[in-house]
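> This structure is in structure tokens; I'll ask about it shortly.
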Amino acid sequence: MDHKILLTPPKSLYTKCIITIIYVVSISHLNAHFITSCKQTPYPSVCDHHMSNSPLKTLDDQTDGFTFHDLVVSSTMDQAVQLHRLVSSLKQHHSLHKHATSALFDCLELYEDTIDQLNHSRRSYGQYSSPHDRQTSLSAAIANQDTCRNGFRDFKLTSSYSKYFPVQFHRNLTKSISNSLAVTKAAAEAEAVAEKYPSTGFTKFSKQRSSAGGGSHRRLLLFSDEKFPSWFPLSDRKLLEDSKTTAKADLVVAKDGSGHYTSIQQAVNAAAKLPRRNQRLVIYVKAGVYRENVVIKKSIKNVMVIGDGIDSTIVTGNRNVQDGTTTFRSATFAVSGNGFIAQGITFENTAGPEKHQAVALRSSSDFSVFYACSFKGYQDTLYLHSSRQFLRNCNIYGTVDFIFGDATAILQNCNIYARKPMSGQKNTITAQSRKEPDETTGFVIQSSTVATASETYLGRPWRSHSRTVFMKCNLGALVSPAGWLPWSGSFALSTLYYGEYGNTGAGASVSGRVKWPGYHVIKTVTEAEKFTVENFLDGNYWITATGVPVNDGL
């Protein structure tokens, strides 16, 4: 009897052994996801160079993944600040061509936004900074660098702009942002493991998220009935469903002088000066044609612009690349402030197909919503530049690459009209510009109708990891049997992700589609669900809060 007792370990010893095993396994799972050295990043030599010269460098063999993340992001932010300072000094040179000066001004604004995005991507930034938020910010920063270079491409200055632009510095910053994104993604995966294995003790930064009701992948935005991001107005609930919203407008714009202002930009400028304490500011724009170029800056958040309906309230302009404006600056309406909402407005660029790039609307607004709006143009009509965006019940008209950019965007229940292009042009609906595999970006066209005036392709890859999905759409007869068009030769055909799921209509047959490695006929619900509002856009909280109708599933 006594002998048997000695051979049988006490229950508490079993428990301790099991806990120890779980802890070791948990730590192993956690460490497998972290990036803790430059050699694990996409661009190790750039990482080594800037980390070794960083005043923040405190690396040693014991540096953990979270610390390494913070050091990489901080080093990258230092580079962005230095580059902004350098480019700011270059614009003073009187010998610069006016086109080069235009491109430099774009770069300055984009660097300023990049610094802000890098600041947002730090884990220490605010209690509402989730892993997905941080990846979104860094994806936007990558888009900014690409857009800076595009300004020089617009004017065919890429072969000579090294004379007046710090090209290598810019390239290194772009690579450093890519490194920051890779490290951030790895840290996010580690945080997910930490939630699964709380015994690791690495739950410091994930507790904030789960305490706000966002413990799963599909609820990363921290939205619940009680807790929203600090900039999100607490009163912003079902606002678009309120028939009295226009009567409650803070500012009214009317061409006939019956409102507070006669131009939209005047109202926007006034909005910037009003103390709001995170309240939604509503601008009601009465029916009329407003010939102006409107800019809503990054600092002007939570603005809602409501018109009297499509083709009743019209904002129109004609800036274009041919006449000396960069694609970025050509937008008739440009919005960068987060939380922007538009309803019942037509945004238009009338430059015409012969003027090439001419944007009707550009948006870099995170958590932006466009409801029952129309976007009219030809080449480059709708510039979904960066961040998270949702469009519902909208009409989009164009010819070449007329839905383009590097946002994470879903267009739901929209009508897409491909106009007749110029002679020698080919109609392409999308040109999504995801550049790095770790970016969260892509376009999803869901439950929409595609009508075409001539043969039209669903899209082509503007950048190497372009991602676009058409699902449950009605595709017109003139959609090309091949479906998709190459950009140039074999560029991106293996690294892009193009998908189709459950489409109908005369142009929906996939039997003649391209055979590229990156093209996918999505056959399972599991794969298709990756591209829903809930999973791809994390929109089941922030979109629902606005009152816009939304299908968060398939």
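Any Cβ shown, glycine's included, is placed from N, Cα and C.
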> For the substrate site that Swiss-Prot assigns to Gln357, Arg460, Trp462, which of Thr327, Thr332, Thr381, Thr440 is also named?
Thr327
> To the nearest whole angstrom, state the Cα distance for the pair Asn119 (N-linked glycosylation site) and Asn172 (N-linked glycosylation site).
18
> So among Asn172, Gln357, Cys394, Cys414, Trp462, all listed as recorded positions, which is physically nearest to Asp380 (active site, proton donor)? Use the C-alpha atoms.
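Checking each of Asn172, Gln357, Cys394, Cys414, Trp462 against Asp380 (active site, proton donor), the shortest Cα distance is to Gln357.
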> For Trp462 (substrate binding site) and Gln379 (site 'Transition state stabilizer'), determine the Cα separation and express it in whole Å.
14
> Identify, in sequence order, the residues in the chain of Asn172 (N-linked glycosylation site) that are 6 or more apart from it along the sequence and have a CB within less than 8 Å of its CB; answer 'none' if there are none.
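Sequence-distant Cβ neighbours: Val46, His49, His50, Gln79.
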> Using C-alpha atoms only, work out the spacing between Arg460 (substrate binding site) and Gln379 (site 'Transition state stabilizer') and round it to an integer in Å.
14
